[in-house]
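As recorded in TrEMBL, the features of this protein are as follows:
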- 211-232: disulfide bond (DISULFID)
- 310-331: disulfide bond (DISULFID)
- 47-158: domain 'Ig-like' (DOMAIN)
- 165-260: domain 'Link' (DOMAIN)
- 266-355: domain 'Link' (DOMAIN)
């Protein structure tokens, strides 16, 4: 990029813009009666409109996705300026979280984790759509498409939702052992990230019921209850998400709610007649060109690939689990789910392996 243009793009990313109402130029004048009330007089100009879809855009881990955005003028006109486009990722309260991309014409700069993965799709006139390739778990969220024409500045929001699954997680040392930062690392080590409230709510609406409180990505501690009961907030509370609110991220300790999306590979089961120790299980996966599966990968294979295996197997964190999509005798409870035998210090079992496609 020419240095001047690159500097302009960087200033656009860092700067704050104060838009005029709907893109009109205006001023305030006293009304004819001098009563102190104001009326707005609009000068010559066209209204800049930015359109994005009202419904969420859905994607999954590893996919490519387009976030649609287009702009136009009312009445129709041609701009006298070079159009500048800025995409930002937002927090749930719509405040800015990070810069994604800024562009002038067909020249653009992508930032941070989006460098090399984000570009504009401008197949038609006045299109400002954002393309994100190799979608990652942390890409889930709201994005603002901002169009700047001289002093006119308008924007709208696109909601990108990853199709995934939320699962509760406890470390080997037991319940309520994780501060917020440890919970973040625990989810990442299992091929997942801390879930957002919206992701937890979606999983609750699909049937998730869990009585242990866990960290979410915003630093709050919550848990989903479908069947009210005495140890889980009381019998007389309605079903819903129970919340402890924000907690101290270093001092307070809880479990974690992790979020995992679809897989780029497959999870499969290996066994030996005498079973395997954890170290033998890891080696067995490596011998077939795979790695021992993580908890998030097992949940994703169960949810999205229908993995059903009534045999307990090692996972990377040292736990023993197995996935059931078709409940049957001798395979645990009557509901589908991933069964958990905890973290045995001894024993010989099969193993779940993961291999990229």
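Using N, Cα and C of the backbone, Cβ positions are placed for all residues, glycine too.
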Residue 211 (disulfide bond) versus residue 310 (disulfide bond) - Cα distance in angstrom:
25
Could you tell me how many residues in the domain 'Ig-like' (47-158) are helical, how many are strand and how many are coil under DSSP?
6 helix, 61 strand, 45 coil
Name, in the order they occur in the sequence, the residues of the same chain whose CB lies under 8 A from the CB of residue 331 (disulfide bond) and which sit 6 or more residues away.
310, 324, 339
Same-chain residues at least 6 apart in sequence whose Cβ lies under 8 Å from residue 211 (disulfide bond):
223, 225, 229, 231, 232
Using a 10 Å radius around each Cβ and counting other Cβ atoms from all shown chains, which of the disulfide-bonded residues 232, 310 yields the largest count?
232
